[in-house]
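K.L.:
Sharing a structure, written as structure tokens. Questions coming.
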Amino acid sequence: MDDFPSLNVSDLESKLLDYNIRDYEVQNSKHKNNIAGNEKESIDQLSLLNQVCSLKNRKAIDSTKNSPLFYQNVLLSKLACSKILCHATKGGNIEVMGMLLGNVIGNTFVIFDCFELPVEGTETMVNAHMESYEYMVQFYHEMVERSYTRNEENLNIIGWYHSHPGYDCWLSNIDMQTQSLNQQHQDPYLAIVVDPHKSKNDQKVRIGSFRTYQDQNDDTNFYELNTTVFDSELNKLENPLSVKIPFNSIESRNLESNYLQKLSETVKQWRNFKIMEKIENTAHTEDTTTNKSISTPGRIIQTAHEFAFAATSNGNGSRVNIMRSNSVSSIGSSSDIEMEDRNCSAFDSVASSINTIADPSRTSSIHTQMNNQNNQQERNSPKRPHILPAIQSSRYGVIFEGKDRPENKNFNIRTASAQDAFESKCIDDFHESLKNDYLTQKEILLRLKLRQYYRLRMYRDMFSK
């Protein structure tokens with residue numbers, strides 16, 4: 001410590017973020033909110049870390065011969081901690097391995113970054129073979145030395161890390177042999193162990209730093225170093241990560257619910273339209289067998305009125321048939337004339353629903369009495385409710401609104417060819433509108449689902465194996 005009179009290790013630790021790694025929780029949202037508030041603190045930390053890097057030409061005192069437990073502290077950057085945890089999580093139940101980059105000052109390891117190492121691992125063991133060491137040397141020469149030399153920084157390989165999936169952080173016998181061998185040839189050297197499964201279950205990073213030593217019986221043992229996480233300039237790579245991939249699950253669910261409701265309403269309207277069309281086709285077939293020519297578009301509109309009125313009448317009053325004859329009004333009946341309940345006079349035709357032309361002097365009193373009776377019954381009968389305007393601004397219901405609604409009680413749809421053509425066009429427009437609404441809302445729902453899938457896939461690839 002005599003070579004570093006201007007720098008005290010205890011002061012170095014007190015100026016950095018002082019909290020134990022076992023209590024460190026990964027909270028991206030909290031980190032985003034505190035970026036602006038911690039800007040000044042990060043600048044102070046950066047200047048302090050630059051002071052550490054400026055000691056690159058000085059070698060740490062080799063006090064391990066006098067004190068095997070000389071190294072006691074580890075300063076781990078948030079970037080290196082996140083990369084170690086992500087690599088271990090991707091490995092799942094298989095152990096993974098990587099190298100640590102940083103410097104040593106006094107009895108403290110300062111780790112700035114790390115990189116993965118391609119090795120063959122099992123559930124309980126991981127070893128680096130010759131190919132792995134060749135990759136490590138080439139990666140360090142091509143990526144680490146050139147990158148950090150441009151920034152006037154010098155990062156060395158000062159240790160290794162590996163995972164213990166599910167069985168806590170410690171050094172096994174093989175781990176102790178590997179660490180002891182590295183300490184003999186390239187000390188100072190550090191070993192970090194992380195447990196991804198317990199980190200995920202406890203929502204806390206379970207990580208530990210270890211070194212080995214020889215006890216009095218010349219047996220190899222290990223001890224744990226105090227580990228502290230600090231912030232550095234290298235964490236700028238983390239900040240955009242939490243901003244570029246937000247997951248607005250609540251907003252997506254609200255949009256999905258709204259469009260799903262609209263899609264359901266469109267399908268219901270389409271179903272009602274098909275039911276009315278089927279009823280009209282059935283009625284048209286029956287009328288064709290009785291030699292009655294009826295236009296389909298007008299009957300669809302009429303059937304819509306009758307279908308809705310039958311559902312809402314509840315038995316109060318009788319329904320007046322629009323398709324009635326000019327001779328006798330039929331009330332409460334589906335036929336034009338009730339032949340069994342009426343005694344036909346000599347002036348009425350049994351085979352036809354149209355009155356025969358008779359001598360006015362002989363039939364005037366009879367017809368006057370019948371017309372008065374029919375008019376009184378029509379005035380007392382309930383009026384037909386207007387059903388189609390339930391679809392506001394619909395394309396075929398508007399023809400019966402206001403002044404466009406036919407007021408003539410004897411209005412016959414069969415004779416209104418121009419009206420039928422207009423109704424047919426309105427029905428086609430309504431059919432096309434329902435189809436377009438269905439396709440549009442379906443496409444929007446699919447896009448929302450795909451967007452949600454892409455976000456979940458990205459999160460799965462980043463934080464799971």
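These residue numbers are counts, starting from 1, taken along the chain as shown.
Any Cβ shown, glycine's included, is placed from N, Cα and C.
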K.L.:
Examine the ranges 148-161, 162-175, 302-315 and name the one recorded by Swiss-Prot as motif 'JAMM motif'.
P.N.:
162-175
K.L.:
What is the Cβ neighbour count of HIS162 (Zn(2+) binding site) at a 10 Å cut-off, with all protein chains included?
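P.N.:
Neighbour count, Cβ to Cβ under the 10 Å cut-off: 26.
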K.L.:
What are the DSSP helix, strand and coil residue counts for the motif 'JAMM motif' (162-175)?
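P.N.:
Across the motif 'JAMM motif' (162-175), DSSP assigns the residues as follows: 3 helix, 2 strand, 9 coil.
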K.L.:
Non-local Cβ contacts of ASP175 (Zn(2+) binding site) (under 8 Å, 6 or more apart, same chain)?
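P.N.:
HIS162, ALA191, VAL193, PHE222 - these are the non-local Cβ neighbours of ASP175 (Zn(2+) binding site), listed in sequence order.
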